[in-house]
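Below is one structure, written out as structure tokens; comments come after it.
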Amino acid sequence: MVAARDFLWVVRSGDGAVRPSGVSARDHALARGRLTDVVRLVARTVVHVVLGGSALVIVVTVAGLLGPALALDLYTPPVAAWWTVFTAVVVQGIPFLLLGALVSAAIGAFVPERVFTRLLPRSQALAVPVAGAAGVVLPGCECASVPVAGSLMRRGVAPAAALAFLLSAPAVNPVVLVATSLAFPGNPQMVVARFAASLGTAVAMGWLWARFGRSGWLRLPEAPSAGPGTSRTGSFMAGIQHDFLHAGGFLVLGSAAAATFNITVPRSLLDVFTVSVWVSVLLLAVLAVVLCVCSEADAFVAASLSQFGPVAQLAFMVVGPMVDLKLFALQAGTFGRSFAVRFSSATWVVAVVSSVLVGWWVL
Amino acid sequence: MRRYGPAVLLILVGAAVLRIALLSDLYLRYVQGGLRPYLVASGALLGLLGLVRAALTARAARYGTDAADHGGHLVAERHDHLHSHEGSPRVAWLLVLPAAALLLFPPPALGSYSAARDEARRAAESVGAFPALPAGDPVDLSVSQFGSRAVYDSEYSLRGRTVRLTGFVTPGDGDAWYVTRLRVACCAADATTSKVEIRGPDAPETDTWVTVTGTWRPRGELGFPSAWPPVLQATTVVRIAEPSDPYEER
């Protein structure tokens, strides 16, 4: 290794005049350098072992003596409830996340790019509503749509169209619409309003991105390729693993945030704000963000919030699948934080405006 | 060892999901019963993916190639701080938290603490006729069904029937106590409360699970807040073990 490096140095030094004495001086310098390296390494190891070892002994002793008592003291009803809600959100999200990883890996490995260029209209203005309406085909909650949208972008779909799909897929698919009709029996206008307001928001956000979005905000997700020489199956497997593990970590983050809000925000606080229509719409739109109820269940939660009026309930169901803490964590992990902040806040505003408009028109 | 990280994570999460969904009924503490097939399938698939990944990593190590790690390198070398150099995103290690919790100390079902925080709500219904109660003496009803019929049934189908309710005990003001049940639509994060006030026997300890047999005692005006919460005049209160399905379905 050293010889090769010296050889390179000699060759690179250029003029052809090889000076043996210079090389041997360099060898000396290298040997001295190596000695100091060894001494430094030994010293560092000793320090690490002594410090780390004693710290470990202290931690283990303290934890062993105080741990059981402390754990029992800390395991109060709120903490237990936090753990339950936290694991519940994660467990509920895992099948959908895996579905999303499967679909996105399949798109990445088996669907050639020309399929999308042929299916989607050339102009972005037309591609956005088509992609938004295509959200109907992915039956899942919002965890599934983030990896799929990332994989669509990697496959050359315009970000504006992929983002419209990202927003509409969890909100307008058949499972969610059926759940909504079950939660609001005898009130089919609610289903229509939800469909219209959600699709409207998704398309509006796609167009906004096409007009004002900067590619610098969006960190395009990297292809989790399994090396240049691997088969399609190999890259499919690598894609599932990468997408699931990556998004799974952010799902855990988002679930922790959701559980914290679920446990710390008292529900009775809601009753204070039922005064005006405007306040209740904004309040339920905020509640949808912090509660992170999955899009297949949020209709039932919305139905139980009947004291806020139908427009506010609609806003809850339109905002929930598009902006919430769990989704924010997933988006920040996949597309970068600077994207997630801008995109989520804009989506929240558009979703509220859209549900107010549709609500007054339909409900 | 670190290159086995992704495989270990996948197997761990898969094992945790299978432990609660296939080997026990614990999943019912967190999600609704209908999710079970999807949980079992995901758990199996994750375990399988983990095993394949481990085999690939072992083969790559034996032949000295780095094939299994290429993906990670490509990503890590670009700019992503969240990725380690071994192909597993660093943030993925957070998955250890819920997986270990489920494997070692499965968190309990929500109980009186959550019920007290969430004020019991009546489902938005209007007064009307309900389908006839099933035969049986006593007839088993869910807490939320009893509440609906007590407050909204214009035919008074509960009148003259002996009913049996199952739930856990929550305290009220003074000597009052309730049989309470949480309802879950999708996962425990969306739990809502229904409760029935019990008159007669003294209150058992909070959070004990009981079946209460008794008869409906009307109160207030049908369909109005004064009819809420419904009251059951109890004859017997029996302590039971916590049911494997702690929530009522919607």
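Glycine too: its Cβ is placed from the backbone N, Cα and C atoms.
Remember, it's a predicted structure, so these values are computed and weren't measured experimentally.
The transmembrane segment annotation in TrEMBL covers A:41-67 (among others).
Residues 138, 140-141, 143-148, 150-152, 154-155, 223-224, 232-233, 235-237, 239-240, 243-244, 247-248, 251-252, 254-256, 258-260, 262-263, 292, 294, 326 of the same chain lie 6 or more positions beyond the ends of the transmembrane segment (A:79-112) yet place their CB under 8 Å from a CB of it. The transmembrane segment annotation in TrEMBL covers A:79-112 (among others).
Outside the transmembrane segment (A:160-184), and at least 6 residues removed from its termini, the chain residues within Cβ reach (under 8 Å) are 120, 124, 127-142, 144-146, 148-150, 152-153, 190-191, 194-195, 198-199, 201-203, 205-207, 209-210, 213, 295-297, 299-300, 302-303, 317-318, 321-322, 343, 347. The transmembrane segment annotation in TrEMBL covers A:160-184 (among others).
Outside the transmembrane segment (A:190-210), and at least 6 residues removed from its termini, the chain residues within Cβ reach (under 8 Å) are 124-125, 128-129, 131-133, 135, 158-161, 163-165, 167-168, 171-172, 177, 180-181, 184, 299, 310, 313-314, 317-318, 321-322, 343, 346-347, 350-351, 354-355, 357-359, 362-363. Here TrEMBL flags A:190-210 (among others) as transmembrane segment.
Per TrEMBL, the feature transmembrane segment maps to A:244-263 (among others). Same-chain neighbours of the transmembrane segment (A:244-263): 78, 81-83, 85-86, 89-90, 93-94, 97-98, 100-101, 143, 146-147, 290-292, 324-330, 332-334, counting only residues six or more beyond its ends whose CB sits under 8 Å from a CB of the stretch.
The transmembrane segment feature in TrEMBL is assigned to A:275-293 (among others).
Residues or ranges marked as transmembrane segment by TrEMBL: A:339-362 (among others).
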